[in-house]
Amino acid sequence: MKVLSLIFVIFSVLVLFASAKDPVCDQPKAVGRCFAAFPKFYYNSSSGQCQAFIYGGCGGNENNFNTLEECNAKCA
């Protein structure tokens, strides 16, 4: 019985760590302070989805991905 309980605890911890998102994903969308128009993707933590936005080209934050696939792999 103790072994079964230990296995359950280990499994629970592994699931918890595997489902933890990168802190980058909690950053807000930041279009940057310049005036270029690069199509990018960011993770919207309110909707739980990656969404497109236009990046100005400088500034911003790390919640800024070149492709939808890259955003989903990191955050979704």
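Glycine is no exception: its Cβ is also placed from the backbone N, Cα and C atoms.
Residues or ranges marked as signal peptide by Swiss-Prot: 1-20.
The disulfide bond feature in Swiss-Prot is assigned to C25-C75 (among others). With a cut-off of 8 Å between CB atoms and residues at least 6 apart in sequence, the same chain places K21, D22, V24, C25, Y43, C50, N63 near C75 (disulfide bond), listed in sequence order.
The domain 'BPTI/Kunitz inhibitor' feature in Swiss-Prot is assigned to 25-75; the stated evidence is sequence analysis. Mean pLDDT for the domain 'BPTI/Kunitz inhibitor' (25-75) in the predicted structure: 98.
The disulfide bond annotation in Swiss-Prot covers C34-C58 (among others). For C34 (disulfide bond), applying a Cβ distance below 8 Å and a minimum sequence separation of six or more within one chain yields G56, G57, C58, G59.
Residues or ranges marked as disulfide bond by Swiss-Prot on the basis of sequence analysis: C50-C71 (among others).
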* To do: Counting other Cβ atoms within 10 Å, pick out the least crowded of the disulfide-bonded residues C25, C50, C58, C71.
  => C58
* Return one of helix, strand or coil for C34 (disulfide bond), based on DSSP. => coil
